[in-house]
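This report concerns only the one structure given below.
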Amino acid sequence: MTDSDAPPDASDPDADEAVDADPDADEAVDADATGERAASDVLDTARALLATGPLCDHCLGRPFAERSFGLGNHERGRGLRVAVALADDTDYEGGADGDCWVCEGVFERLDEFAERAADAVADYEYATYQVGTRVPPLAEENDRLLREDAGMDPDAGEPLRKELNREVGKRVGHVTDTEVDFERPHVQFLLDVDADRVEATVNSAHVYGRYRKLERDIPQTEWPCSDCRGSGRQGREQCDTCGGSGYLYDESVEQLTAPVVEDVMEGVDSTFHGAGREDVDALMLGTGRPFVIEVDEPRRREIDADRLEGDINAFADGNVEVEGLRRCTHDMVERVKELDATKRYRAQVEFGGDVTAGELVDAVDDLDGETIEQYTPNRVDHRRAAKTRTRVAHEVTGELEDARHATVEVHGAGGLYIKELISGDEGRTEPSLAGLLGVDATVTALDVLAVEGAEEPFERPGFFLDGEDGHPDTDADGE
């Protein structure tokens, strides 16, 4: 045996390199084989799908929706159809759009649906939308059967309904030059395929501001007559209590403001939402009380805030005035209703006996910063749950006008009953000014001077709209 015929020496590293397989080459071979098997599996599945009957490209591609992101299902379907034709060396046949046994041609009508949706709200001003569909049960069942007949998971890819929503939605955005919004769009479309109907819902618009009530005996919202329950009649006779109007008061803050906003925005109805409410006989002065006016089905969403303020103030004729009007999000309704707030009040107080300046100073000092316990007041126990509430009187000051009269100012937590803080309400409120002075004390006039958020202002970025695209104004400064 010659040296060239001898087996390599196992200790020779050069010999090892000569006989060992290249690991990188092995990995490349394995990867190629895996890729070929995957491609073969996809083509086999595509063949099985095509064998179920005539399919459009959308329905062929939809079971593969989770593969190759960046493609539409119709592009996936067309690509699979071409790949199968090339692999099998068969004539290429395009998608059976009108004859598709799964969707029955619904994807041929995408442009039509989008145009009909746009036409349904042609007279409305909107910047955002959302599309939903009501798909025939048969089409959804066909969509599942398609996968089952091809040996696929019935939930593979995405549902027909989801693709239809997306494809029509994209076209609506293109036709109307608006943006999709899945949270709270200006308009919502429902495509009822079976009924061949396009339904449009126009969501409400909202305007935020602050109001001052400059006259007493005006409620915040309409106050139906309790005797006739708002009907204006008692049997066949006119209600004596309300004079047939159905309301205890001729006008309210709501009636003096909301109709003007509703008219400007061309809505069908409106609702007034306030950050709490002052007593009917109290004034609302100072910085005003936050409110939101919600307008149903508005045809116009943009507002000229300065002009609208002027229109409302002219209509209210000195009884109410508003300021700081801005378009806001629907979330602002909950914010004005639920945000913890503090209030500042000024009360004109009459005493049942003589009080000295020193006695008044001592009494208000005792109330200053005190936690007040208030059992449901007599005057509201018919509409409030019977329980004891605790509220803090953050700051209390007083100035004696004469021995029987004083002006008392209170900065208190929201929900603090001021009239009862002064009078004691027959012992239901402890401590009280009357109790500390040892004389009767009655509020003869009450003014609310400020309503502000306890921990943060009502006016925060993100709750207001910027006037261009209907999106929250995240760059605005809060007050």
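Glycine too: its Cβ is placed from the backbone N, Cα and C atoms.
Ranges compared are 1-35, 141-175, 351-385, and TrEMBL records region 'Disordered' for 1-35.
The least crowded of the recorded positions D279, Y345, Y417, judged by other CB atoms within 10 A of its own CB, is D279. Between Y417 (substrate binding site) and D279 (active site, nucleophile), the C-alpha separation comes to 10 Å.
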